[in-house]
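Feature annotations, reproduced from TrEMBL:
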DOMAIN    2-103  domain 'Calponin-homology (CH)'
COMPBIAS  122-155  compositional bias 'Low complexity'
REGION    122-157  region 'Disordered'
DOMAIN    158-235  domain 'EB1 C-terminal'
């Protein structure tokens, strides 16, 4: 049995000095590229992009990984279409294999992950808004600008503060959108599993209609779990008219 999700996340974060919270985040391809860089030390990290959120950018990262596999004759197909969908199960299986390969081939010693990805466009520790605000402050000092005591703040200072606030809010919004997208993917993943179970039950009932009449059968118990609702749940009034037509979720 492979390692658990939490064990793998802890290993990736420690090795690469990242802060991943979900296995699905490996679907960008960036983490895989750098794991193999820790083994071979020749992955062109300048071409690996960490701060991306489009499937096209993910594909570019996986092209880098595939080239590394070809160069070092790593005999493992990379299921790019599945991995770039950022589904948990696909990335979990590939990451488990990656960990086994790393255990066998890592040369040992310290791996400086941060310096290796400096040119990759990975997010810096300080926010861009903070950097711009600091630069504006330093520029004002060099020009000999005297801070205003009382009254209105200098227009440049107000503008820098507003820019920093906007940047911080934009980053927070992007983080929230990413979290929501992750939850939606996880929801769809488990919904698909439930749908598959329902289809299996329907096939069983079509093959043997007598199962429907057995009150204490396994099929009945599974249906009870599938179609159960939270205690106190009521169908909204506007949906009652079409409720009879909806036999499955």
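A Cβ is built for glycine as well, from the same backbone N, Cα and C atoms used for every other residue.
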Secondary structure content of the domain 'Calponin-homology (CH)' (2-103), with strand meaning DSSP E or B: 69 helix, 0 strand, 33 coil
Per-residue pLDDT averaged over the domain 'Calponin-homology (CH)' (2-103), given as an integer: 96
